[in-house]
Amino acid sequence: MNSPVWHPFTQHALEPSMKRIVQTGGACLIDEDGSRILDAISSWWVITHGHRHPVIMRAIQAACETYDQIIFAEYTHEPAETLARGLVEVAPAGLTHVFYSDSGSTSVEVALKMALGFFHNSGAPRSRICVMEDGYHGDTIGTMSAGERGVFNAAYEPLLFGVDRLPFPVTGREQATFDAFERFCATGQVAALLIEPLVLGAGGMRVYPATIISELKRIAERHDVLMIADEVMTGWGRAGSLFACEQASVMPDILCTSKGLTGGSLPLAATLCTAEIFEAHLSADRRRTFFHSSSYTANPIACAAAVANLAVWKDEPVRERIGSLVGMQQERLARFQEDLRFASIRQAGTITALDLRVPAGGYLSDVGPRLRAFFRERNLLIRPLGNVIYLMPPYCVTAAELDRAYDAIDEAAAYFAAGRL
Ligand SMILES: *Cc1c(COP(=O)(O)O)cnc(C)c1O
């Protein structure tokens with residue numbers, strides 16, 4: 001039972017020994033005992049269409065016949081070229097260039113470097129990044145700096161850089177968010193505003209309306225501040241539209257995408273930017289080069305998986321599936337609307353969330369792991385963020401599978417009320 005593996009976000013002293021997953025398919029994981037576990041959080045938000053979508057799996061197999069890793073300086077390859085053209089076509093207008101990396105975190109690091117590089121190369125350097133309270137952008141030092149501070153990054157605090165934080169746009173107090181942004185912009189030091197459009201994911205599935213993004217963009221434009229949309233979670237239909245920015249009719253200057261880019265099959269990320277940002281790095285002077293690379297930039301097999309994902313979006317009724325999932329989620333969430341055991345019933349596209357009312361909330365409150373165990377015993381993969389219970393299923397999930405998840409949430413609240421959880 002002794003394993004050398006150190007798992008992410010796992011307190012090994014408290015966690016029971018882990019079941020092995022031996023196969024995946026549709027909305028389910030199958031474990032070593034043959035149990036079908038409903039993957040109600042899409043394996044940490046990456047699986048969009050469903051596990052092992054045949055079109056994507058076939059594309060990966062075909063790519064393996066031809067490629068492994070290829071250096072991505074001096075040479076290019078077809079999957080990366082096709083994917084970049086495809087991304088520019090479907091992304092918000094004005095995003096004309098595509099920089100590849102390997103994860104959501106690196107796509108945001110790239111975005112921050114592009115923003116600072118833009119101002120540096122333009123001869124009027126700016127060094128501040130503006131973010132939203134409760135944001136999450138990854139686990140590297142730069143993205144932790146931009147994200148909300150707390151128990152997750154307390155040990156690394158001495159290495160994190162300072163950022164300007166906007167209050168979350170609570171309904172009725174939106175003006176405070178805009179005023180704070182105006183104040184930070186007025187310093188002339190803000191290079192970019194980095195936000196998760198519509199939904200703050202790891203920060204507790206906090207939802208805010210699209211109009212906030214449009215107003216923030218207007219303020220940013222007045223001060224020549226770039227807007228970076230971190231669509232790592234919200235992209236690829238999660239928030240209801242292909243990209244969340246579409247709902248605000250906002251064209252960000254930089255857009256980060258990863259998780260659903262390959263349908264969740266392989267790690268890959270892309271940071272898209274405007275021609276203006278690309279051109280600020282274009283020069284006979286080598287010092288203006290965009291100095292960023294990772295060994296596996298634009299891995300051809302991962303790019304082929306992403307090209308196949310684009311084909312799935314084009315050839316299959318993905319938008320209809322998402323529309324029907326949004327409706328199914330809405331119907332099932334409705335039963336909790338008047339339920340006093342829960343607070344803040346909310347939905348953003350395919351994502352639903354509700355807070356179990358508990359005496360002391362917060363991520364480290366015991367209720368999170370206890371809920372997780374409760375769901376695990378019922379073959380449901382649901383990982384509450386503290387007392388925030390959320391569902392983010394693959395788009396192929398069935399009505400019956402969703403019913404099972406919502407019935408378990410109802411039952412969990414009853415157990416909790418009875419002191420049995
Ligand atoms: C998951 C996530 C990231 C980090 O992505 P990784 O692939 O885990 O590095 C960044 N931003 C947002 C909004 C995310 O949800």
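Residue numbers in this text run from 1 along the chain shown.
Keep in mind that glycine also has a Cβ here, set from the backbone N, Cα and C atoms.
No curator has checked TrEMBL annotations; they are predicted automatically.
According to TrEMBL, the feature substrate binding site maps to Trp44, Tyr136, Lys259, Ser293, Arg383. Of all Cβ atoms in the shown protein chains, 13 besides its own fall within 10 Å of the Cβ of Ser293 (substrate binding site).
For Ser294 (pyridoxal 5'-phosphate binding site), the number of other Cβ atoms no farther than 10 Å from its own Cβ, over all displayed protein chains, is 16. Per TrEMBL, the feature pyridoxal 5'-phosphate binding site maps to Gly104, Ser105, Asp230, Ser294, Ser295.
The N6-(pyridoxal phosphate)lysine annotation in TrEMBL covers Lys259. Following the DSSP three-state reduction, the secondary structure of Lys259 (substrate binding site) is helix. The Cβ neighbour count for Lys259 (substrate binding site), using a 10 Å radius over every protein chain in view, is 28.
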State the count of C-beta atoms found within 10 angstroms of the C-beta of Ser105 (pyridoxal 5'-phosphate binding site), not counting that atom itself.
-> 21
If you measure Lys259 (substrate binding site) to Ser295 (pyridoxal 5'-phosphate binding site) at Cα, how many Å is it?
-> 19
Output, ordered by sequence, the same-chain residues six or more apart from Asp230 (pyridoxal 5'-phosphate binding site) with a CB under 8 Å from its CB, or 'none'.
-> Gly104, Val108, Ala111, Gly135, His137, Leu194, Ile195, Glu196, Pro197, Cys256
For the binding-site residues listed (Trp44, Gly104, Tyr136, Ser295, Arg383), most other Cβ atoms within 10 Å of the Cβ sits at Gly104
Out of Ser105, Ser294, Ser295, the binding-site residues in the record, which is closest to Tyr136 (substrate binding site) when you go by Cα distance?
-> Ser105
